[in-house]
Amino acid sequence: MESFMGQKKTLYACYFLMLVFFLGFNCVHGRTLKVDDKINGGHYDSKTMMALAKHNDMMVDDKAMQFSPPPPPPPPSQSGGKDAEDFRPTTPGHSPGIGHSLSHN
């Protein structure tokens, strides 16, 4: 009887440790987000250019460096076509399901 209780206690301890260990692993499927470089628009500021120039052993004056202003952001497109990246939330109870599209507008 003693060995059965010892095995049961060991089994519960292993189960508890596995539960704690695997608690951090979550299987989550989600929509990947597109990362755009909207912080600096692809242009470097003068401090970054000075650091790059000093790194390359170039002598650059602040006054000699002329930067053009960044181009204006493009206007948002108003396309009516469907794309694979379109996202339209549905009301509860009216989900189209996998492989089906919303055709009843």
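Each residue, glycine too, has its Cβ placed from N, Cα and C.
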Look through Pro76, Pro96 and state which residue has the annotation hydroxyproline in Swiss-Prot.
Pro96
Where DSSP helix means H, G or I and strand means E or B, what are the helix, strand and coil counts for the compositional bias 'Pro residues' (68-77)?
0 helix, 0 strand, 10 coil
